[in-house]
Structures are given as C-alpha cells and as structure tokens.
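Record features, source TrEMBL:
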TRANSMEM  9-32  transmembrane segment
DOMAIN    22-274  domain 'G-protein coupled receptors family 1 profile'
TRANSMEM  44-67  transmembrane segment
TRANSMEM  79-103  transmembrane segment
TRANSMEM  123-146  transmembrane segment
TRANSMEM  181-201  transmembrane segment
TRANSMEM  222-248  transmembrane segment
TRANSMEM  260-278  transmembrane segment
Amino acid sequence: MWIAFEHRFWLFLVLLIPSTLCGIFNLYQFLFDRILLKGLHNHIIILLNLIGLLYNLTDIIWFIYFYRNYSALVRTKEFCFLWFYSDYTGFLSLILLGTWAAIERHILIFHQDYLATKRKRFLFHYLPMILILIYSLLYYPIVYISSSCRTNRLYSRPRCGLAYCISRLRLVAIWDNLFNNIIPTFLIVIFSIALILRVFYSKYRINQRFRWKNYQKLTIQSVSISFIYIIFYFPSMILNLLFIVGALTPNATDLYSTSLFFSYFVPLFIPLFCTISLPELRKKFQMNYPKRTNHIAPQFATNNQLNTIGC
C-alpha cells in the first residue's frame with residue numbers, strides 16, 4: 001500500500017493547523033500557570049509539547065513542501081544537514097521522552113518516596129530527561145562526523161538522501177534500530193499495559209481505594225500519550241523488526257514505507273491528545289472556547305430576536 005505524495009501533502013497540512021494551535025495553547029497554559037508548571041507529572045508533557053511543536057513547525061512543514069514540489073525547500077548542503085538533523089534528532093527525543101513518560105508514571109503513582117527529597121527528585125525526575133535531551137542532540141552529529149559519511153545530495157529525496165548514508169553503516173543501523181527505536185517502542189507498550197493493570201489492581205484493594213482519583217488522572221494522562229505511539233509508531237517498528245530477522249519479503253517495501261509515514265503522526269497528535277485528555281487543559285480550553293449555543297427567546301412586536309451566542 002503506497003500513499004501518493006499528493007495525499008501525504010493534504011494529510012500533513014490538515015493535521016498541522018489544529019496541532020500547532022493546540023501546541024501553542026498547551027505550552028501557554030503550562031508555562032504561565034504556576035500550579036501546572038510546578039506539577040512534576042506535567043514536566044515531561046511540557047517537553048513533549050515543546051519538541052512536538054518545534055518539529056511540526058520545521059520538519060513537517062519541510063515535508064509538506066517536499067510532497068508538493070518533489071524537492072527540498074532549500075537546495076544547499078547546509079539545509080540538507082539541518083533537515084536530516086532536526087528530523088532524526090527531534091523524533092529520537094520524542095521516542096525516548098515518550099518511553100520515560102511511560103516509566104515515570106509508575107514512580108509518580110506507586111513510588112512517591114523516590115521523589116521525597118530534592119536529591120531524589122533530581123536523580124529520578126530531572127536527570128533522566130536531561131540525559132535524554134543531551135543524547136538526542138549529540139547522537140546523530142557524532143555518528144555523521146565520526147563515520148565520515150559522504151554522499152551526493154539528492155534534492156528529490158527526503159532529507160536530500162542523507163539518511164541513506166547513515167543506514168548503510170551496519171553497526172550504526174543495528175544500534176539505531178534496536179536501542180533508539182524498537183526497544184523504546186516496546187517499553188512504551190509494556191509499561192503502559194503494566195500501569196493499567198497495577199492501577200486496576202490497586203483500585204480494587206480495599207485499603208487503597210481512596211487513592212483512585214489520583215491514579216485515574218495520571219493513568220489517563222499516560223495512556224493517552226502512549227496510545228499515540230502504539231497506534232502510529234508501533235506498527236512500523238514491528239515491520240522493522242521483521243525486516244531485520246528476514247521474516248518480511250522485499251515486496252513489503254511499500255507497506256513499510258507507509259508505516260513510516262504514519263509514524264510522523266506522533267508529533268502531530270501529541271498536542272491534540274494533550275488538550276483533550278488532560279483535565280486541566282480541557283477545562284481551560286472550554287473556558288476560552290465555549291460551545292456555540294442558541295437560546296430561544298420570545299418574539300416581540302419589533303421582530304427583534306434575542307440570540308445569546310458563546311464564542
């Protein structure tokens with residue numbers, strides 16, 4: 001199944017607009033509301049929204065131009081490297097942060113003593129996010145420079161074809177596939193399912209039933225974000241794993257390419273799901289953009305009709 005560039009163009013364009021608006025709205029609420037900003041459970045969500053917004057305003061827009069014009073936005077080596085770097089670095093950080101978000105929810109709900117002191121909060125909350133960002137920012141530049149990867153720039157290929165040069169390096173390809181993609185994706189699935197099971201198990205234990213409201217909020221928050229990765233990214237990693245072990249024939253190339261295309265829906269849907277699934281953001285969104293309602297009022301002799309409309 002191959003999706004034509006024209007259809008890819010419209011899919012990205014239609015999703016980009018609401019995703020960008022929700023991303024800006026989410027970040028504004030998180031950063032300017034002190035209560036939301038201080039919540040430890042919101043920090044990873046802020047990073048996901050920030051990186052997702054930056055990714056959408058750069059890579060997704062560049063892909064939209066590429067699918068429309070069959071060419072890179074700027075035909076220079078500097079832009080080609082920038083496109084390659086921002087695409088791979090941005091997506092790697094989203095995958096690893098999504099993995100940590102699935103893991104950290106277990107700490108926030110069931111092991112709060114790990115966050116009882118400043119030292120523990122740094123070790124178990126801030127340090128993992130810092131290390132993920134440093135690793136994501138440095139990994140691909142180091143690989144690209146140390147490998148002396150040289151290839152002709154193909155402006156009619158995504159990222160000018162620079163990704164193909166990296167993928168030809170066997171050790172790099174193995175590390176990239178396993179530790180940067182497949183394993184993190186499986187961890188998201190495993191820890192998300194484990195969280196649901198642990199929460200429901202705790203709910204029906206009499207001595208912990210009073211904590212259900214706290215569990216429910218964080219569980220919905222975690223599962224909603226993980227759901228995006230499972231739906232849009234997990235299938236491509238399954239096919240990737242099948243390719244590695246030789247269980248998928250070369251005829252399935254189009255199917256794998258299509259699954260990779262849908263993986264780009266992850267940064268597009270993260271802001272949308274955050275706005276919908278997080279109670280604080282959903283309430284603020286409804287306050288700022290209430291539903292339009294029409295109230296029926298009696299007709300007077302002047303034929304003036306009273307309409308009360310929310311905007």
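Each residue, glycine too, has its Cβ placed from N, Cα and C.
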(request) Averaged across the domain 'G-protein coupled receptors family 1 profile' (22-274), what pLDDT does the model get? Just tell me the whole number, please. (result) 88
(message) Using a cut-off of under 8 Å between C-beta atoms, tell me which stretch among 9-32, 222-248, 260-278 contacts the transmembrane segment (79-103) the most.
(response) 222-248
(message) Should anything in the same chain at least six residues away from the transmembrane segment (123-146) have a Cβ under 8 Å from its Cβ atoms, list it; otherwise answer none.
(response) 40, 43-44, 47, 81, 84-85, 88-89, 92-93, 96-97, 100, 104, 107, 114-115, 162, 166, 169, 172, 180
(message) Need a quick answer: max count of Cβ pairs under 8 Å to the transmembrane segment (181-201), which of 9-32, 44-67, 222-248 is it?
(response) 222-248
